[in-house]
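What follows is a short report on a single structure.
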Amino acid sequence: MREILHIQGGQCGNQIGAKFWEVVCAEHGIDPTGRYTGDSDLQLERINVYYNEASCGRFVPRAVLMDLEPGTMDSLRSGPYGQTFRPDNFVFGQSGAGNNWAKGHYTEGAELIDSVLDVVRKEAENCDCLQGFQVCHSLGGGTGSGMGTLLISKIREEYPDRMMLTFSVFPSPKVSDTVVEPYNATLSVHQLVENADECMVLDNEALYDICFRTLKLTTPSFGDLNHLISATMSGVTCCLRFPGQLNSDLRKLAVNLIPFPRLHFFMVGFAPLTSRGSQQYRSLTVPELTQQMWDSKNMMCAADPRHGRYLTASAMFRGKMSTKEVDEQMLNVQNKNSSYFVEWIPNNVKSTVCDIPPTGLKMASTFIGNSTSIQEMFRRVSEQFTAMFRRKAFLHWYTGEGMDEMEFTEAESNMNDLVSEYQQYQDATADEEGDYEDEEEGEYQQEEEY
């Protein structure tokens, strides 16, 4: 019941996805051959959210893996949990997208998309009551961004009422892998605004900082970064997979976090993050978790929540703890930092409590915030986009795949609109009513005081 179908695309998406499955397998006591070796009934009670039980008693992840080149898939398959996945669910091309969004979205990706959709349909038919999809991808490359957004829009057409959650790795401000990242990211955001329900925004630089500053790793690898992401991903869905005192699912999350349909880009955080040697010197308490979780250094994307205001936020606590204490701590945060929350949404922090902590911890918490400061990410990408687009640099790679310049212009203005929407709600106060006519009409029917 309430299954989630996991889809990973491109090199980044597949590497994050692989780490995520390692974490989920460990939490549910599934060994690398797909057999259950755990010690608690709770691990099996709702294991079907992420796993399908095969006739021979093996548990098979509900995962679809796609890429336009075979490399990452091969290393996944030979990795620790490569044998748990259903072999038919690996869908890959041979050509690669060459960091070109147009190749992923219009040419190479479009050729492969039907075979991916076949696998998605097959998995969805296996579900009792599919709750939604979670997609892991990056926005800077070609496959995860171009083909990822193509798949999201196709799934949207076919399953319009299911939740669509994405874990999207944005290009980092200082660390760039590809010159054309701003193009790919802007074209992707243009799609995500329309077709995704909830986007968890991640970026490598913020993750590097956490590894470096907090976890004290001198040379963090992508494996370390992806481990951080997977901890968060597992935290977002723990309520679905384990019993809890205050449960939540993808839809409840969306209802509580999204005040306006386009503003669904969230920053995420995780606590406790401690360096490997120092765990045994701290006892974890709810106040400590809360404090670390709201700390701006803990956010997994390079936007500073102190530069904006929270429209809404959600906290998921895991472990044995008192719900009363959780509620008190959450109120405490809101009261002490009231200037960082918009006052026209009272009680805008939701908390959920799940009894089972992650492997190796007594308690932990996951934070998801809808903050107006996320516009910093979009603004930064947009500036880089404009600088190149003004000179039409690199455009021939995209127009050569049949794209039109118009599409770039549209994507650019959609992203700029998004930035100004965030800004408008950051500046809005409870008593002044401006012209919000671009929002759904009928939401504010009071006289304007401009």
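Cβ atoms here come from the backbone N, Cα and C positions, even for glycine.
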Co-listed GTP-binding residue [Swiss-Prot; alongside GLN11, SER138, GLY142, THR143, GLY144, ASN204, ASN226] among GLU53, GLU69, GLU288, GLU325:
GLU69
CB contacts for GLY142 (GTP binding site) [other CB atoms within 10 A, all chains]
29
Note down the number of other Cβ atoms within 10 Å of the Cβ of THR143 (GTP binding site), including every protein chain shown.
35
Candidates SER138, ASN204, ASN226: member of the binding-site residues with the richest Cβ shell (10 Å)
SER138
For the binding-site residues GLN11, GLU69, GLY144, which Cβ has the most other Cβ atoms within 10 Å, all shown protein chains included?
GLY144
